[in-house]
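Enquirer: Mind having a look at this structure? Questions to follow.
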Amino acid sequence: MIQLIGIKSQCDIGIRQKFSITSEVLEGKLKYINELVGSVLILSTCNRTEIYVDSNLEEKKLIDTVFYGLDWDYDLVSYIFYIKDKYAIKHLMEVSCGFHSKILGEDQILGQIKTAYDAALEAKTIKGKLQRLFQKAITCGKEFKHICESYRIPVSIPSIVAKEILNMDIRKYMIIGFGKIGQLLFKYLNNSQAQIIYIAVRDLNKVHDSYKKCGKIRFISFKDRKSYYNDIDCIVSCTSAPDKIISKGDLPCRKLTIFDLAVPEDIDRNVLDLDNVTLYDIDNISVIDEKNKAIRKKTMGKYRYILENHIDKFIKWEKLHQLSPEIQKVKKYGDEICEKRITTFKNKKHTKDNDILVKTMIESTARFYINRAIEVMKEEKLNGREEECLRLINKIFCK
């Protein structure tokens, strides 16, 4: 049974980060939960943490097990939601199309789902029905993005931050962290009127040479970042660090705008004690986007039929998949019938006319199933179920 435990969307970032799972511990958590409940995938982004499982555990037992396995504080259980079956399937399809993103319609989530799927594959914690569901969700998200053409309206958090930086006419800034979000920021800001863009990374040797060719870009060591704070007007922090990397004692006495795009947060809230610092977190940034939200909502609603089609297809597949054991049993039985007749043919092919022997074997196989069908018809007639039985037998044997 497909089940989902997730964090309620209205939770603020302070609560969300208590449930976040960093990439460094993801594989270990996947394997541990897999041992406890069965097939599992963990989707953990800056805006959501969702645990998808295919398990027969009942709701409370599953929630207790997941909280224990992920070392979550059970006092926070009121902040989670639980859904299963078609509701969990529908939720995932909506997530893949951007319907549940804080920035409505942003397409980063599709890449994040693919990353989560790859991580579960790598950890060998996903198979069967859950694997098929995520394959379907990724296909659904791609189709929705292509047909809806949501890419024509930049809606990712990095694009909104870049737009705000440009609107503020900030010319000197630092990006801390150069993962996917940092690289997107670089993409949006590289062609701006910036004077200097410092990019702080932990390993300078991993920076591709193509990035170093941009004149106004300067890559610096993460450990040296503080020595450059006096030279900039803005910091965008987007690392995957488990602890805070900036506190008020690190900052100079100059006007600074800081965007914290990390979950868990990179910036200690004590920086708000400084009159010269303006801090934006993920929740603040989401509010900035309200102007275009109505336009995207209308456009996305027009193409909702795409995800409805994918939901229907998966539910139909799921129902048919439940027949797999019976189908295999019928096939095995058929193979046994054929094998007996093949053995008979091999034993007699040198002693009898082969044409007559083949005809006899084929007729014998047909009679076997016809006689069995007749027996079932008689049994069901006596049990008062002949009408449905006759309908099925006619559908199988008669054109």
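Along the chain as shown, residues are numbered 1 onward.
Cβ atoms here come from the backbone N, Cα and C positions, even for glycine.
Okay, so Swiss-Prot annotates it like this:
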BINDING   Thr45, Cys46, Asn47, Arg48, Ser101, Glu106, Asp107, Gln108, Gln112  substrate binding site
ACT_SITE  Cys46  active site, nucleophile
SITE      His91  site 'Important for activity'
BINDING   Gly177, Phe178, Gly179, Lys180, Ile181, Gly182  NADP(+) binding site
Enquirer: Per residue, counting other C-beta atoms within 10 angstroms of the C-beta, which of the binding-site residues Gly177, Gly179 reaches the highest number?
Expert: Gly177
Enquirer: Starting from the substrate site formed by Thr45, Cys46, Asn47, Arg48, Ser101, Glu106, Asp107, Gln108, Gln112, give every other residue of that chain whose CB sits within 8 Å of the mean position of their CB atoms, in sequence order.
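Expert: Surrounding the site, in chain order, are Lys102, Ile103, Ile109, Ile157.
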Enquirer: Please identify, among the binding-site residues Gly177, Ile181, Gly182, the one with the smallest Cα-Cα distance to Asn47 (substrate binding site).
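Expert: Nearest listed residue in space: Ile181.
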Enquirer: Take the mean position of the Cβ atoms of Gly177, Phe178, Gly179, Lys180, Ile181, Gly182, the recorded NADP(+) site. Which other residues of that chain put their Cβ within 8 Å of it?
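Expert: Everything else in range on the chain: Ile175, Gln183, Leu184, Leu185, Cys238, Thr239.
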Enquirer: Same chain only, sequence gap of 6 or more: which residues have a CB within under 8 Å of the CB of Ile181 (NADP(+) binding site)?
Expert: Ile157, Pro158, Cys238, Leu261
Enquirer: At a 10 A cut-off on CB-CB distances, which of the recorded positions His91, Lys180 has the highest count?
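Expert: The residue with the most neighbouring Cβ atoms within 10 Å is His91.
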Enquirer: Within 10 Å of the Cβ of Thr45 (substrate binding site), how many other Cβ atoms are there?
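Expert: The answer is 20.
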Enquirer: Determine, using Cα-Cα distances only, which of these recorded positions is closest to His91 (site 'Important for activity'): Cys46, Ser101, Asp107, Gly177, Gly179.
Expert: Ser101
Enquirer: Give me the long-range Cβ neighbours of Ser101 (substrate binding site): same chain, 6+ apart, Cβ under 8 Å, in sequence order.
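Expert: Sequence-distant Cβ neighbours: Asn47, Val95, Gln108, Ile109.
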